[in-house]
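Student: Pasting the relevant annotations from TrEMBL:
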- 54-113: coiled coil (COILED)
- 9-20: compositional bias 'Basic and acidic residues' (COMPBIAS)
- 142-156: compositional bias 'Basic and acidic residues' (COMPBIAS)
- 1-20: region 'Disordered' (REGION)
- 137-156: region 'Disordered' (REGION)
């Protein structure tokens, strides 16, 4: 048993005066027990304790760095997904613009065909009207001749 002056770790003894207590195994002591050379002085134990604390802090830093890296990767993935969505939207917009252009061309062609048909209908209507006029003129001429012949006969 290692004895230490009052104020150090361990259960107090029942003796009066300067109390001596047993030092409980610290991290450094446990570290020493795991194969490290035995602690010789309190300074060495403090040094080893500091080394263990530094190791623990380093593990915490490593964990924090790993979490930050994961968050960064998640952000990168989210950004890549957003870029992919933007590209898909751009592609869809280009496709829709192409469709609009095609439909406008088809509409112009249909309007042109409608105009051509309108012109053809107007020409046919003119032909029909001319034929109707010719028939009426012929009928008028025939009627006029008949009237003249009838008038000539009635004079005789």
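Using N, Cα and C of the backbone, Cβ positions are placed for all residues, glycine too.
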Student: On the 0 to 100 pLDDT scale, where does the coiled coil (54-113) sit on average?
Tutor: 97
Student: Would you mind splitting the compositional bias 'Basic and acidic residues' (142-156) into helix, strand and coil residue counts from DSSP?
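Tutor: The breakdown for the compositional bias 'Basic and acidic residues' (142-156) reads 14 helix, 0 strand, 1 coil.
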